[in-house]
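Residues or ranges marked as substrate binding site in Swiss-Prot (evidence: sequence analysis): ASN6, PHE7, LYS8, GLY161, SER191. Annotation comment: Swiss-Prot describes HIS86 as active site, electrophile, evidence class sequence analysis. Among the features that Swiss-Prot reports, active site, proton acceptor is placed at GLU155.
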Amino acid sequence: MILAANFKMNHTRASTKAYIERLNAYGKQTDIDIAVFPPATALDQYETFADIGAQNAYAAEHGSFTGEIGLQQLQEFGIETVLLGHSERRHIFYESQEMIARKFAFYKERGFTIYYCLGETLQTRKKGFEAIRELLQSQLEGIDTAYENFVIAYEPVWAIGTGVAAKPEEIEEVLAYLASLTDAPLLYGGSVKPANIKEVLSIPKCDGALIGTASWDVENFIKMIEIAKEMR
């Protein structure tokens, strides 16, 4: 079971440090892996059982890439996990599949654990599952689905940050399809919160959750870890 907290553009260095300290005080739970993705300004070499990852990184060690961080910056803090393909990177920052695949290849070559996001818009959802399947295939172009340090997070765009999670049967259908393509752990993301995480984690083929808004409060996140622990 994997529970990952994506801070997005939230938290500071001080509040991230306090968050990690609270997680450490709570302690590692058997059979539940925890990942935390702080903003770039809060990345550090924290003493923690949680896997600390970058929300984004450029496909280069260093160089003239204004506003980006690369391998050199991540290595300073011992970061070996990166989140790629998030819909906010795709739709707000116009990252192409070619760019995402290039990042994937770069960090795969360096053995990083890669959390890879994909998912459909509401417009595609309304067209039916065949359209969803075609979109997911396009979002896997150039991606090595057999990579051993690979985690997929299915995040329907219309459910991210809206408070409206996808229905269990909708999630199950997509995860079953993804499971036919890869042996990688499959997470669901999209308005996951304490009120629905048990239902989400009960879905066949669901190996965990990538959690946004509901994870920003550490007590909320711990509450979700507790629910997951009770289900083991």
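The backbone N, Cα and C atoms fix where each Cβ goes, and this holds for glycine too.
Note that this is a predicted model, so its numbers are computed, not measured.
Structure coloured by features recorded in Swiss-Prot.
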| residue | record | Cβ within 10 Å |
| --- | --- | --- |
| ASN6 | substrate binding site | 26 |
| PHE7 | substrate binding site | 19 |
| LYS8 | substrate binding site | 18 |
| HIS86 | active site, electrophile | 28 |
| GLU155 | active site, proton acceptor | 26 |
| GLY161 | substrate binding site | 13 |
| SER191 | substrate binding site | 23 |
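Here the C-alpha separation of HIS86 (active site, electrophile) and PHE7 (substrate binding site) works out to 13 Å. Checking Cα-Cα distances from GLU155 (active site, proton acceptor) against the binding-site residues (ASN6, LYS8, SER191) with a 10 Å cut-off leaves SER191, in sequence order.
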